[in-house]
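For 528-544, the entry in Swiss-Prot reads compositional bias 'Low complexity'. The N-linked glycosylation site annotation in Swiss-Prot covers Asn82, Asn146, Asn163, Asn169, Asn288, Asn440, Asn544. Summarising the annotation, Swiss-Prot assigns GPI-anchor amidated serine to Ser567 and lists sequence analysis as the type of evidence. Annotated region 'Disordered' per Swiss-Prot: 528-557, in sequence order. Taken from Swiss-Prot, the feature signal peptide applies to 1-17.
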Amino acid sequence: MKSLSFISLACLTAVHAASVTFKVIAPTAESSVQVNINGQLTQLKAQDEDIPYYTGSAELNDGQSYKYVVDGAAETFERILNGTSTKNEFFNRPITYATNIPELPNILSEGSWTRGETTDPLWDSNYVPSIFVTGKSDEMEDLITNVTKKTYQAKITFIGPENITTIENCTFGLHKPGRKHNDAKQTWVWTLPEGQYVAKRSWFKIRHMEEDPTQLREKLYADIARKMGTYANEANMVRFFINKEGMGTFNMLDDVIMYSYINAMFYNGNPPQQLGALYDGASGAAFNASGDMDSFIPNVESPLDQDALMPFSKAFAAVDFSNDDQVKAISQYFDYDQFLRFMVMEFLTADWDGYWQEQTNDGAYIDVSDNNKVYYLAQDFDATFGVNLDQERDFVNTPYTDFPTKFPGGILINKLLENPTTKATFETYLKTTVQEIFNNATLGAYVTARHNFLAPDLKWDRSIKQRSPGNIFGWTYEQTYQNLFEGVTAPGKEQGGAEWGLLEWVAAKEKAVRSSLKLSETATTSTSATIAAPATSESASQDNTSDDTDSASTSSSTLNQAAADTSSASKSAPTFYCLQLVLYLSLSFKNLYKYI
C-alpha cells in the first residue's frame with residue numbers, strides 16, 4: 001500500500017505539474033538571474049542586453065512557491081504561483097499586482113465622458129510599470145548632468161503587467177530644463193516615431209512629484225476627476241531608468257496640451273482628418289473678452305492661433321446669466337458641464353495653481369468638427385491637497401460661495417455661478433462628490449492601501465541621489481507616510497510646502513463642506529484610528545514607524561498593527577496552500593483506489 005501511495009503521488013505530481021514561464025525585471029543583475037523552486041535553480045535569460053528583463057521556463061505546480069535569485073542573492077520572501085505564467089515581476093518587490101486597494105466609485109454618471117481610451121494596462125493602478133530608456137551614453141549624460149534643452153534619439157521600453165513593448169528612434173529629452181527653480185529630480189518627455197503608439201498615445205510625460213512628499217497627490221487628483229466623469233488625463237506611477245541607471249519613481253501622464261492626449265481621450269485613437277485648435281494656458285489664461293488671448297499658447301501643430309478663442313470669450317461675455325435659456329445655449333459652443341466638474345475638484349483640493357484661483361495651468365481645445373465647440377483643459381495637479389498653499393490655515397473652511405469675490409479672475413466659473421440653475425448643478429456635483437468619494441472614509445482606505453503597495457518603490461526612490469542640478473528637498477522615506485496625516489518639513493536646504501497632510505486636508509475639507517451645505521456625517525470619519533489598510537510589504541509594516549502626534553499617532557499605530565497582522569498572514573500562506581494540497585491529494589488517492 002505504501003508503494004501504491006507513492007506511485008499515486010508521483011502520478012498526481014506528473015499530471016498537475018506544468019511548464020511555467022517566469023518573467024522578472026532585475027536592473028541590478030550583473031552576472032546571473034535565476035528562479036529557485038524547492039532549491040532547484042533555473043537560469044533566466046535576457047533577450048535584449050539593454051533591458052534587464054529576464055525570462056525562462058521551469059516545472060512548477062500551481063499554488064507552489066518560488067523566489068528569484070540575482071547574482072547569488074535570493075529574495076527574502078516566497079512568491080506563490082498563480083497560473084502558467086507570472087506577470088512581469090520586479091526583483092525584491094513582494095507584491096507585483098495589488099489586490100487589496102479599494103476601487104474608487106464612479107460618480108456623476110449622467111453626462112460622464114465616454115469618448116476616451118482609459119483601459120490600457122499601462123494605466124492599471126494596481127501595477128507599477130517600468131520604463132527603460134536606452135541611448136548613447138554621452139548624450140544621456142548630457143541630459144542628466146547638464147540639463148540641456150537638446151533632445152536625443154533613444155530606444156524606449158515599456159514594461160506593463162503582462163507585456164513588454166520596445167520602440168526605437170524615439171525623441172527623448174527634459175521638460176522645460178534649466179529654469180531657476182527646477183528640482184534636481186527632473187521631469188522627462190518623449191515622443192514616439194510618427195505612426196507608432198503605445199496605449200493609443202505618441203507623447204509621454206513623466207513628472208518628478210518632488211513637491212509632494214507622499215508622491216500620491218497628482219495621480220489621486222486625476223483619478224478622482226475621471227471618476228467624476230471628466231476627461232482628465234490618465235496617470236500612473238512608474239519606475240524610470242536611463243541606460244539601466246535608476247532615476248526613481250515618476251508620475252507618467254497624458255500631457256493635455258499635446259495632440260497625443262486629444263487623439264486618445266477625445267477620439268479613442270481614431271481622430272478626424274482635421275484636428276482642432278489646441279492651446280496651453282499660461283498665467284492670465286482667463287478667457288476674458290475684455291483682454292486678449294495671448295496667454296493661450298497654440299500647439300505648434302494647431303491650425304488656428306490664439307485669437308480663435310476670442311469669439312467664444314465674447315459670446316460668453318454677452319450672456320445674460322439670469323436667463324436660463326441663454327445659459328443653456330452656452331452648451332452649444334462650450335462644454336460647461338465638464339467644466340463645472342473640474343471646478344468642483346479645484347475647489348475641494350485648493351488647486352491654487354489652476355484656473356479658479358490663478359487663471360493658469362489650464363488649456364483649451366476647439367473641436368472644428370463640432371461647430372467649433374470649446375473644451376476646457378485642466379493640467380498640472382501637483383499644487384493640490386494643501387501643498388505649497390499660501391493661505392491661512394482656516395482657508396480650508398472657505399465656502400465655494402466666497403470664491404467669486406476672493407478670486408474674481410476666474411470669469412467662466414464665477415459667471416456660471418451667477419445663474420441659479422447652474423449654481424444648483426455645481427452644488428449637486430459638490431455634494432455628490434463629497435458624499436461618495438471625496439471623504440475620509442473612502443479616500444482614507446484608498447490612499448493608505450496605495451501607499452503600502454508603493455512603499456518599496458518609494459523607499460528605493462528616496463535612496464537615489466539625483467545627479468542633475470536643482471532644488472533638493474530631501475524628503476525622507478518616513479515622510480512619504482507621515483505626510484499622509486500631518487504636515488512635514490523637508491530636511492534639505494529648501495523646507496518645502498507640505499504643511500498639510502494629504503488625508504488631513506481631505507478630512508478638514510470634507511468637514512467644512514458638510515457643515516456649509518448641511519450634509520449628514522454618516523460617512524465621515526477623522527484622520528485617526530479608523531484609517532487602516534493592510535500593509536503589502538515588509539517596509540510598510542516595519543519602516544512606517546514615526547513620532548506622529550495627535551490623530552496621526554493613532555493612525556500610525558493602527559496602520560502598523562494592520563501591517564503586522566498582514567505580514568503574519570502572508571507568512572502563513574505556504575502552509576495554507578500546503579494544507580489545501582494535502583486535502584486534494586487525499587481525496588484523489590481515495591478516488592484512485594477505486595480503480596486499482
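Glycine residues also receive a Cβ, built from the backbone N, Cα and C atoms like all the rest.
A map of Swiss-Prot features onto the structure.
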residue	record	Cβ contacts under 8 Å, 6 or more apart
Asn82	N-linked glycosylation site	Asp62, Gly63
Asn146	N-linked glycosylation site	none
Asn163	N-linked glycosylation site	Asn88, Pro121
Asn169	N-linked glycosylation site	Gln153, Lys155, Pro193
Asn288	N-linked glycosylation site	Ser313, Gly409, Ile411
Does DSSP give Asn163 (N-linked glycosylation site) helix, strand or coil?
coil
State the count of C-beta atoms found within 10 angstroms of the C-beta of Asn440 (N-linked glycosylation site), not counting that atom itself.
24
Three-class DSSP secondary structure - Asn288 (N-linked glycosylation site):
coil
Could you find out if DSSP has Asn82 (N-linked glycosylation site) as helix, strand or coil?
coil
